[in-house]
Structure formats: C-alpha cells, structure tokens
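Enquirer: Relevant sequence annotations retrieved from TrEMBL are reproduced here:
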- R18: active site (ACT_SITE)
- N36: active site (ACT_SITE)
- 3-91: domain 'Acylphosphatase-like' (DOMAIN)
- 204-388: domain 'YrdC-like' (DOMAIN)
Amino acid sequence: MPAEQIRVRGLVQGVGFRPTVWRIASQLGLQGDVSNDGEGVLVRLWADRHAIGRFCEQLQAECPPLARIDFIQRQPFADAAPAQPGFQIIASQSGGVHTGIVPDAATCHACREEIFDPANRRYRYPFTNCTHCGPRLSIIERIPYDRANTSMRLFPMCPVCKAEYLDPADRRFHAQPNACPVCGPQLWLEDRAGEQIELTAEERDPIDSASRLLRQGQILAIKGIGGVHLACDAANPAAVARLRQRKRRPAKPFALMARDAAVIRRYCRLSREELDLLQSPAAPILLLDQQGETLPEALAPGQASLGFMLPYTPLHQLLLADWERPWVMTSGNLGEEPQCVGNHETRRRLGEIADAYLLHDRPIVNRVDDSVARLVAGRPRLLRRARGYAPGHLALPPGFEQAPDLLALGGELKSTLCLLKDGQAILTQHLGDLENYPTFQAYQQTLALYQQLYQHHPKRLVVDSHPGYRSHRFGRELAQQQGLALERVQHHHAHIASVMAERGWQLDGGRVLGICLDGSGYGEDGTIWGGELLLVDYRSCQRLGHLQTTALPGGSKAIQEPWRNAFAQLHRCFGWSQVER
C-alpha cells in the first residue's frame with residue numbers, strides 16, 4: 001500500500017492541531033497516525049497520492065484558530081501497513097525543538113457560551129478554556145508543553161475533565177489548562193486586611209461582590225491571566241482621580257475595558273477592521289479616536305485617543321456582563337515597577353492603592369502585560385508586544401536561512417529580547433525599563449525561560465552599543481562567562497534594519513537610505529545621536545546627515561520627556577526670546 005510521511009511545521013502544538021488532523025483523516029476514511037515531535041507535527045498516511053492531496057488541502061483550509069502552518073512537506077516512506085486499523089493519535093516523540101510556544105489567547109465563542117449557560121457545568125466559571133483559547137505562555141514552566149510542566153499541575157483533573165482531555169473528538173483534547181469548578185482554580189475577594197468579603201443575599205459569587213464595590217467607587221486589584229490590574233469605574237471622576245494619586249501616575253493614559261463594541265462606540269470611532277482586531281485571539285488594547293460621549297479628562301489628559309480592549313478572559317467577561325460603562329484596567333504596579341503577578345506580592349505592593357483584591361490560586365509563571373496596537377493605513381501596528389503576540393515568531397528575509405543562532409539583548413527602555421534560530425526571529429513579550437532592578441530581574445528570568453523553551457544556544461551575543469545600558473553590561477558579562485563573541489550595534493542602525501526585515505529586504509539586497517527620528521542613541525563617535533539620515537545594509541551603517549548636536553536639558557530625562565529636546569532645538573534655532581514667546 002502506498003504511504004506518505006507529512007511534516008507540518010509552524011505553531012502546531014497545544015492548539016488542537018492533532019485532533020483536527022484526526023477528524024479530517026477519519027472523515028476521509030484514511031489510515032495512519034499523527035504525533036507531536038521536536039519538529040512540529042508528523043502525519044503518516046497509507047493512501048494514494050490523490051487522497052493525501054485532498055487531506056493536505058482540507059488541513060490548510062480548516063487549520064485551528066490558534067495554529068499557523070508555515071509549511072507542509074510530503075515524502076514517501078516504506079512501511080508496508082499501519083500498525084493499527086483506522087487513524088490514531090500516538091504519543092509525542094522527542095527531538096530538537098523547532099516548533100513554537102503559542103501566545104495566550106482570548107476566550108473563544110464556545111467557551112463564552114458555556115460560562116453564560118445556566119445549564120452548563122462551567123456556568124460562571126472564570127477559568128474556562130479549551131484548545132482554542134486560554135493561558136499558554138503565562139503558565140508554562142518548561143518544555144514539553146504538558147500539564148505537568150505548567151502551573152496547572154497543582155490542579156489534578158476530575159474524571160469528567162479527564163474524559164474530555166482524552167477524547168480526540170472533544171475540543172478539550174489535550175487542553176493542558178482544562179478545568180472546571182470541581183477541580184480547577186478558585187476565585188475569592190478579600191479586603192485590605194486579608195479577610196474574605198462575604199456575599200450579600202443578592203450575590204452569587206465574588207464576581208458579583210467585586211462589581212458592587214466598583215459601583216461604589218472603590219479601586220480593585222484584579223488578578224488576571226498574565227498579571228494584576230488595578231480597576232475602577234472609568235465614568236467616576238473621583239475614583240479615577242484617586243487611582244491617579246495613589247498610583248503616582250499624574251498624566252500617562254489609562255487603559256480601558258468595555259463589555260462590547262456598542263459601549264466602545266459611545267465614546268470612540270470604531271471601524272470594521274478595528275473591531276476585528278479587538279475581537280481577535282490576541283485582543284490587544286487598541287488606540288481609538290475619541291468621538292461621541294465624553295469620559296473624565298483624567299483618563300487620558302490632553303489625548304485625542306483612548307486605549308480600549310474587550311474582555312479577553314471568562315473572568316473579565318463575567319465581571320463586565322452587566323456594565324454599560326467602561327472600566328479602567330491599568331497595570332497593577334506602582335510607578336515604573338513591573339506588574340504584580342503573585343497574591344502575596346499584590347497585597348504587599350498594592351496595599352496603599354487597592355481597596356480590595358479579587359484573587360485566584362492559579363500561579364502566573366510568566367508576567368505578560370496587555371499588548372497595545374493601533375491601526376495605521378488599514379494595518380495593525382504593534383506599539384507593545386505582549387499578551388496575544390508573544391512569543392512572536394517572525395520569518396526572516398531570504399539570505400538568513402543559514403545564520404547562526406544569535407541572542408539580541410535589547411535596549412534600556414521598553415526592552416524585549418530576541419532569539420535568532422532556524423532563520424526566524426523569536427521575540428519575547430514587552431519587559432519594561434531595565435533601569436528598574438525588579439524589571440531587570442524579570443528580564444533575566446524571561447531570558448532563561450525562552451532559552452529553555454527553544455533549546456537555544458547562541459553562538460554570539462548582540463548588544464546596543466551604549467556602554468551605559470544595563471542590557472549592554474549584562475551582555476558583556478554573559479559573553480565573558482560563556483566565551484561567546486559580542487557584537488555591538490548602533491541603536492539607529494538597528495531601527496532601520498528592523499524596518500528592512502519587516503519589508504522582506506534580502507540579506508544581500510544592497511544598501512538603503514533610512515531616516516531615523518528616534519530621540520537618542522549612542523553614536524559611533526561617542527556622542528548621543530538623534531535624527532539621522534543613514535545609508536545602511538544589514539552589516540554596516542554610514543551616517544550621511546543629522547540634526548545638529550544640542551545640549552539636552554535634564555540629561556537622560558530628555559529621553560523620557562521629549563518636550564525637553566524640542567525646547568532645546570527651538571532654543572538653538574531661535575534663541576530665548578522667541579522660545580519664551
């Protein structure tokens with residue numbers, strides 16, 4: 001009997017891919033098996049080539065919502081007959097890791113239906129998920145992605161959940177975070193003293209109680225999927241003002257969460273493309289132009305846009321179900337510290353901000369902030385890569401296929417890490433400003449995690465050329481410890497090269513002219529550069545022109561407060577008398 005081995009690579013593990021293969025093969029009456037291994041998914045079929053062709057076409061057409069097929073490779077193999085009749089899902093095989101970890105995903109339609117169905121056993125259960133949605137990066141501790149290697153190992157499945165987990169026809173087949181009210185994580189509401197808040201006669205659960213406190217103008221710390229948020233009624237000016245004062249955040253805009261698109265449209269213009277992005281599995285915060293009804297100016301002082309997101313977990317959907325107004329949902333931190341993730345940490349660090357805490361007992365292993373995006377010329381533009389987009393797997397342009405494994409250690413502010421492996425760039429979630437030591441600790445932990453997840457062993461390290469950056473110093477120490485080569489890259493050269501890679505510019509495609517209007521970057525002459533015309537390829541950079549060098553009022557403060565630089569430029573051009581006017 002003819003047989004073929006089909007190799008599928010991409011984001012194909014932990015997303016319900018094998019059950020999809022099983023369903024399609026069974027529908028077509030094909031014999032064979034499917035398994036996970038270090039390369040992705042391996043399918044073996046005993047059938048003629050036309051039947052296998054139909055299978056491959058249907059697989060691409062019916063790819064699970066969180067999966068991504070990068071390529072399908074077919075080749076004959078010589079086994080005379082399958083070991084068992086029909087089509088089987090067999091145990092995972094070992095091997096070097098070339099597949100990806102899937103980002104956390106917003107609640108799918110089927111799970112949402114369950115949590116609002118009084119007849120369903122998961123009615124109002126805030127940790128409902130399946131292979132199409134729920135936590136991934138936020139709960140994983142190590143590979144392979146099995147329940148025992150996630151924070152869900154603390155919650156053994158009940159017999160009903162276990163039956164779902166083992167049934168290839170069920171959408172929870174091998175859903176590692178699978179849980180229900182009987183066996184899964186639990187939620188509670190407590191006051192500042194750590195005492196659980198009792199329900200009133202009208203309240204069903206802590207979700208109802210939390211909603212009541214928010215209607216009273218209180219500020220809540222809410223533990224979600226990748227971190228803790230601080231929440232209040234966005235239409236309550238006094239609550240918003242208190243949150244700003246307690247959080248020590250005088251002007252930076254607050255993120256908002258609304259129950260549905262109808263609520264958002266009361267305050268902002270919302271196109272079909274923007275709504276699609278809000279409702280996508282990534283469910284980012286989306287910057288939208290204000291129009292219609294007004295909200296307190298203190299939400300986004302001096303801004304023409306607001307950052308809205310839709311509820312992306314069952315917990316948030318249940319919390320907002322009866323709300324006609326949006327909530328503030330800002331990071332649970334103080335100043336520029338990292339977002340809180342643990343219960344004890346939340347009580348300790350947010351004790352002077354929150355009036356009460358809505359917490360649960362599923363540990364957050366990896367902090368994942370909310371992503372921020374904007375639609376530019378009809379296309380999404382990420383301003384902060386985090387939940388829903390991390391890890392990011394970006395195929396590099398032609399010429400990079402044989403590039404050695406590299407580790408790029410990022411900048412100082414809004415830092416991320418990048419691993420180069422197998423011709424693709426693997427980007428971490430947003431990690432924050434490394435000037436803050438707890439952020440730097442989280443940065444180191446994230447590096448260790450990603451290197452373990454992807455079995456990444458870099459041949460060289462890449463750092464920003466600024467010797468004062470913590471990432472530069474860390475990279476230099478790491479290179480010395482591990483005996484690795486260290487490459488220094490000028491900050492603005494890196495910006496232009498990233499645009500070249502995004503546009504698919506080949507490694508040997510020649511040089512391009514790039515204009516970089518970034519605020520500052522350590523230059524090759526030892527001065528701080530800003531506003532360059534550069535002639536670059538991936539390997540080299542020539543500075544053709546730039547804004548005149550100008551003293552920065554406040555030194556490094558001008559990097560975070562661009563008005564200082566603008567003031568200095570105006571003063572240089574026009575003098576004090578004109579600037580003062």
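Glycine residues also receive a Cβ, built from the backbone N, Cα and C atoms like all the rest.
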Enquirer: Within 10 angstroms of the C-beta of R18 (active site), what count of other C-beta atoms is obtained when all protein chains are considered?
Expert: 24
Enquirer: Pop the mean pLDDT for the domain 'YrdC-like' (204-388) in here, whole number is fine.
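Expert: Overall, the domain 'YrdC-like' (204-388) comes to a mean pLDDT of 97.
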Enquirer: Using all protein chains in view, find how many other C-beta atoms are within 10 Å of the C-beta of N36 (active site).
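Expert: So the number of other Cβ atoms within 10 Å of N36 (active site) is 24.
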Enquirer: Distance check, please: Cα of R18 (active site) against Cα of N36 (active site), rounded to an integer number of angstrom.
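Expert: So the Cα of N36 (active site) lies 8 Å away from that of R18 (active site).
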Enquirer: Taking helix as H, G and I and strand as E and B in DSSP, count the residues of the domain 'Acylphosphatase-like' (3-91) in helix, strand and coil.
Expert: 24 helix, 35 strand, 30 coil
